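Marked as substrate binding site by Swiss-Prot: R104, E178, F225, E226, Q227, M228, E229, E334, P335, S336, L337, G338. Under the heading ATP binding site, Swiss-Prot lists 210-212, 220-225, 294-295, 338-341.
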Amino acid sequence: MEEDDDMAATMEEIVAHAKHRGFVFPGSEIYGGLANTWDYGPLGVELKNNIKRAWWKKFVQESPHNVGLDAAILMNPKTWEASGHLGNFNDPMVDCKQCKARHRADKLIEQALEEKGIEMVVDGLPLAKMEELIREYDIACPECGSRDFTNVRQFNLMFKTYQGVTESSANEIYLRPETAQGIFVNFKNVQRTMRKKLPFGIAQIGKSFRNEITPGNFTFRTREFEQMELEFFCKPGEELKWFDYWKQFCKEWLLSLGMNEEHIRLRDHTKEELSHYSNATTDIEYQFPFGWGELWGIASRTDYDLKQHMEHSGEDFHYLDQETNERYIPYCIEPSLGADRVTLAFMIDAYDEEELEDGTTRTVMHLHPALAPYKAAVLPLSKKLGDGARRIYEELAKHFMVDYDETGSIGKRYRRQDEIGTPFCITYDFESEQDGQVTVRDRDTMEQVRLPIGELKAFLDKKIAF
């Protein structure tokens, strides 16, 4: 999608703001960086952790069906043989012969067609068809403008390394490209030890690695990324009911944390897009400044994964239904959310530059209080009031992430907190010494109320709940 000036500026503003305020830094920056690697700064790690906690709260803690898991990143290579990743986990790649730039062929074509006003899903088309489209629409290299490309070929996305001291094929091992397989191989362990009856789910948050051909768009597409995945197992024949349930549940989770409904859409996969093992897949997409992009993939994976691992391992994954005495391989619904993508989406959704009545502009991040890095900032009106203000800070810090700032005018301190999304500023003034009350300022409305110091914890507890 071709960016207009406003969109490009908005993305540039987000990247600049993220670095300036300690949300995200370029990786290995003092050595010139490493392409498409990013480090979460002090505020970014708090925001991302809060998002992960919010996901775990709704998908595991409050769910009667689901339990958690933390599987190893390194797995027996037979896992990836069984799952099909070694043979089929590929992206179509094409090189520009002129400038040697490497492109993911389906995305190159889709972007070029979108600029011509044509919407087409190219993912999943045969390689020969992609070559035909490149010629038919006279597609040029975005880097140099040349139209001289290599043939489209498949490129395996797995990162390969070696375990042990010798680099031989017998010691080949892979960084996992998804967290899901660690769940599938542990299906029986979890079901037996937790005495779970169908339907039930296994949730996991963890790092995955894909040697993407064309990563980009800040933290949207990177080679190292974090996933929040649920594999929900159910009786065959009930999978589409649960598929619809999880689609709605995932959308409601985003909305409950303040995401603008106008910025998200549910897009069903076409028959051509569907993975061979799926009988239904829907993406929840977010309207980023660079176009619509996938946040969450909800897929009905049937019994493909458990069957594959049964066949390759010899382990029996049949489930015995005690009520009906039926024996079957469970079907699986997978809602898979990118932690980095959804963190970026919440940052973009929250970012605002407001024009105030006095003609000035303030930058503010309207993050849901549950997600905000700091829940409150304690601000003594004068450094002379530091002792009393610090006592409040120390008490609140036992329960929340709280900032303390005594530098600069109170107005400038308010603006600093607005820019990082702190929902409440607590000002300790000279009257506080006498009446035991403080002024609490709301980030979004900028309205102020006086509250007794002893009521601050209950006030914040109520405000950050979701």
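The backbone N, Cα and C atoms fix where each Cβ goes, and this holds for glycine too.
With respect to their backbone Cα atoms, L337 (substrate binding site) and L295 (ATP binding site) stand 6 Å from each other. Taking Cα separation as the measure, R223 (ATP binding site) is nearest to R104 of the binding-site residues R104, E229, P335. Taking the Cα atom of each, F225 (substrate binding site) and A339 (ATP binding site) are about 8 angstrom apart. Here the binding-site residues are L295, L337, A339, and the one ringed by the most other CB atoms within 10 angstroms is L337.
With A339 (ATP binding site) as the anchor, the candidate binding-site residues are R104, Q227, E229, and the one with the nearest CA is Q227. Between the CA atoms of E229 (substrate binding site) and L295 (ATP binding site) there is a gap of 12 Å.
When the binding-site residues E212, E229 are compared by the number of other CB atoms within 10 angstroms of each CB, E212 has the fewest. Secondary structure from DSSP puts P335 (substrate binding site) in a beta strand.
For R341 (ATP binding site), the nearest of the binding-site residues by C-alpha distance turns out to be Q227; the candidates were R104, Q227, P335.
Figure note: comparing Cβ neighbours within 10 Å for the binding-site residues R210, R221, R223, R341, the maximum is reached by R341. Of all Cβ atoms in the shown protein chains, 24 besides its own fall within 10 Å of the Cβ of P335 (substrate binding site).
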